[in-house]
Amino acid sequence: MKIKTLSCVVKRAENVGIIEQDVQYDDGDQYQTLIRLSRGGICGSDLHYYQHGKVGNFAVKHPMILGHEVIGRIIKTNSPNLRINQKVAINPSKPCHSCKYCLSGEINQCETMRFFGSAMYNPHVDGGFTQYKVVDNTQCIPYPEDIDDEIMVFAEPLAVAIHAAKQGGDLKGKRVFISGVGPIGCLVVASVKALGAQDIICTDISQRCLNLALEMGATKVLHANDDFSEYAQHKGEFDVAFEASGHPSSIERCLEVTKAKGTIVQIGMGGNLPNFPLMTLIAKEINWKGSFRFVEEFNTAVNWLASNKVNPLPLLSATFSFKNFEDALKTAGNKNDISKVQIIFS
Ligand SMILES: [Zn+2]
Ligand SMILES: [Zn+2]
């Protein structure tokens, strides 16, 4: 079976377009499901490809379909566990299932992960901003018919946030600090709350983002320029800090306000840190942990959204048809006024 499909591609920096391709589905193919995509969310990495033609060292070398936060309906499948027309969230991870990390269950560390919309490999891995796509059966996570699409599109970024929250250990009754409350930081707020954190104190340079953090469950917010000395006394007040901005001053602040032997979870991606306060890390015996993508938390995220444990809708700022793809990217790039932008494919 062959279907014509339109896809949103990036060719190089600020050069995007819509291309028509054929998507091929063969019933005999193993473990394959054909999806008609309904909606997608624009993520920071999609924006990076658009604005700079690369993410980190991974430059776009040929047209690549963007997008890894997508949901859709099943058109065809050979899985006994899935059915035609079922609504599914698509897990954008495609691990190899055979490297040492995959075999030990740490699939987010897969040595040859094929992640949607990534220029890490050449040829690049196409993403989900397209009308039709063939995916592995295991990438399809069904969700109830009555859950709105605009909610379920948050499954992927919420999975990132839940995975990060879990790096902080048992959060029940804990005092938590979150520095940087863009969409991911705000979803970390909701996640640590759902996991039982008692105090959730957030900071950012944007008052709009701080207001969103309050809506998502923060108990208190402070502007980045406010006085934090009360939280730095006694070698710090917080059990766990989440650094979600990547800015050196934010990393420094996390080290100041996290108590001795506490944990800092690093989510924000930044550049070099020439003046990194190494001595604070050593002397306070801080656990500084990275957090990257997710494993089974994708299924947890689908469950939490389907059961209304987390309401992500305060973070949705605008919705566009995929035909206005470039306008959607430009709008998403306006960080002062905009959080999440979604694209509709059908
Ligand atoms: Zn994302
Ligand atoms: Zn692997």
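Just so you know, glycine gets a Cβ as well, placed from its N, Cα and C.
Heads up, TrEMBL stuff is auto-annotated, nobody curated it.
Among the features that TrEMBL reports, domain 'Alcohol dehydrogenase-like N-terminal' is placed at 32-145. What TrEMBL lists as domain 'Alcohol dehydrogenase-like C-terminal' is 183-306.
Helix, strand and coil counts from DSSP across the domain 'Alcohol dehydrogenase-like C-terminal' (183-306) read 54 helix, 29 strand, 41 coil. Taking H, G and I as helix, E and B as strand and the rest as coil, DSSP gives the domain 'Alcohol dehydrogenase-like N-terminal' (32-145) the counts 19 helix, 44 strand, 51 coil. The average per-residue pLDDT of the prediction over the domain 'Alcohol dehydrogenase-like N-terminal' (32-145) is 96, rounded to a whole number.
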